[in-house]
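Participant: Sending over a structure as structure tokens; questions will come in a sec.
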Amino acid sequence: LYCLTTKFGSVSVLVVFSALLAPAAAFYLPGLAPVSFCEPGNDKVPDCKSTIELFVNRLDSVESVLPYEYTAFDFCSEKTMERPSENLGQVLFGERIEPSPYKFEFKKPVVCGKVCMRTYSTNNPSDKAKLDFLKKGMLLNYQHHWIVDNMPVTWCYDVEDGQKFCNPGFPIGCFVTEAGRSKDACIVNSNFNEKDAFYIFNHVDITIYYHIVEHEQLGARLVAAKIEPKSYENPNDDKPDCSGGPKFLKNKHTGEFKITYTYSVNFAEDKKIRWASRWDYILESMPHTNIQWFSIMNSLVIVLFLSGMVAMIMLRTLHKDIARYNQMDSVEDAQEEFGWKLVHGDVFRPPKKGMLLSVFLGSGTQIFIMTFVTLFFACLGFLSPANRGALMTCAVVLWVLLGTPAGYVAARLYKSFGGEKWKTNVLLTAFLCPGVVFADFFVMNLILWGEGSSAAMPFGTLVAILALWFCISVPLTFIGAYFGFKKTGIEYPVRTNQIPRQIPEQSFYTKPFPGIIMGGILPFGCIFIQLFFILNSIWSHQMYYMFGFLFLVFIILVITCSEATILLCYFHLCAEDYHWQWRSFLTSGFTAVYFLVYAIHYFFSKLQITGLASIILYYGYTMIMVLIFFLFTGTIGFFACFWFVTKIYSVVKVD
């Protein structure tokens, strides 16, 4: 099993995961089994390939949210072969993998091989549009993403402190401004000095590293593919020799312009890298592990602090309260009740807007289980970056199949709140939150369609997602709601008085809004460093692989949300404020507001996104993430507080 978390995740995940990973080394995931390669004419090894195919993926940029297909830039393309099939996750992330004309024979070097030539005339409107689009791509630093043997072709270069960074993409070109300032990749070559000009990387040097399998007659396996983009002005475009100066296009060029695309390929044996660890050189060039441990330690300190507070309340204050309340025998003593026992007749009074709260809690339960199961499988290596699109596919399929617990939780809680409009409850659970997400997603998709981006979901896929929602998720939600309403309502440990108790004047700190704002700070403090890496993987197109750390942070987040909500719930009950249901949900859910503030800060401080469409897309997709996170954290807070309130009122004697 190819599992990226074997090296990075197992140090942070529980020992159980390590035990589970050990026996998994004997098999391979579907589509991730190693492929053997042999020299042409070698028939000794069965199922051994001699031709290495190079596939191309969509191009993206850190300065734009809009990815484009490879063919949109008029590069050399292969039209005779069929495109590989893509799973749902790949389509949702805008991946468009296509065959390319770059094909190599194993261990057969090529020097300056011609791929194709493109000729443009600025007098032709179609050619001018293609050339302008190519210049736009270079100006916004769009990056190629090539694939060999299901492995990214990487561009490795030196960064500060003698470190080497291996980027799973490389630029199509770069731009030198009118003032002579080199942008992006133009700084790597001092010959890129023509002002107001675009330099095109029309040549690539590819080195493919292989490992010969020892003690097995299985041929060789590819363990790395590295590329170095270059620019050549060939004197003879029909017979290129890759010896001229850099190829550039003046910004105000008129007339004819030719681009000859060439490549060179070499093969090198690497005895150190084995097939199972061939992604490690990419991941090791990302120096984030120390920061991840800092994040974990930071989160653990917060958890220990909150756990200490909760333990103090449970073991000391609450224990004394319960003992004192249970010793009150006389009526006179009972009349002198104070603190949280005073509101025992109102603490389980149904909340206002109970319908909406139950619907939110049903959707939140669905998201919580989906997140837990997805991260669990990711920790075991099933959803590694090598298995493209698997993470998103797993999450969507789980969400669809988890309609039953959503309907059950919403119906059971709504019945316990005294609600009778069960049809409305079922319909809102099935359509409200998913409908808001789909409406936002559909508007974003319309913008992508208008911009001609590869991330625009095809109409057929959109219909398929609607079919999953209406034909599977909705019926499962109805089934869950049926069983939820069929069961009796939740039995509370104390009776609810007919007349609501008047809530005394609250101090500033025990009023709802200040408590809700304070409640979200600590959970957010546990996740904000991990959040930085997640946003980097989405918007800066960096590889995310540390699912072991993420699962641990997930557990810490659940504990922190629960403990922070229980603390504030106890303080409010002591202040004789018994409206805890909505407050517990919003206290924990307010973490999502801090998430939104951080996403806005990240946009202005870390990204260089330009263009109205890209900005709208960034905030549109961010709002989807914020809503999901709000439901997720709010549900944790509510159930933690519900357990706490039920527990403390079940151990006191009430007359």
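Glycine is no exception: its Cβ is also placed from the backbone N, Cα and C atoms.
Not measured: the values here are computed from a predicted model.
I grabbed these lines from TrEMBL:
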SIGNAL    1-26  signal peptide
TRANSMEM  293-315  transmembrane segment
TRANSMEM  359-383  transmembrane segment
TRANSMEM  389-414  transmembrane segment
TRANSMEM  426-450  transmembrane segment
TRANSMEM  462-485  transmembrane segment
TRANSMEM  516-539  transmembrane segment
TRANSMEM  545-573  transmembrane segment
TRANSMEM  585-604  transmembrane segment
TRANSMEM  616-645  transmembrane segment
Participant: Where among 293-315, 462-485, 545-573, 616-645 do we find the most Cβ pairs under 8 Å to the transmembrane segment (585-604)?
Facilitator: 616-645
Participant: The transmembrane segment (359-383) vs the transmembrane segment (293-315): three or more C-beta pairs under 8 Å (separation of 6 or more)?
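Facilitator: No, the transmembrane segment (359-383) and the transmembrane segment (293-315) are not in contact.
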Participant: Between 516-539, 545-573, 616-645, who has the most Cβ pairs under 8 Å to the transmembrane segment (426-450)?
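Facilitator: So the stretch in question is 616-645.
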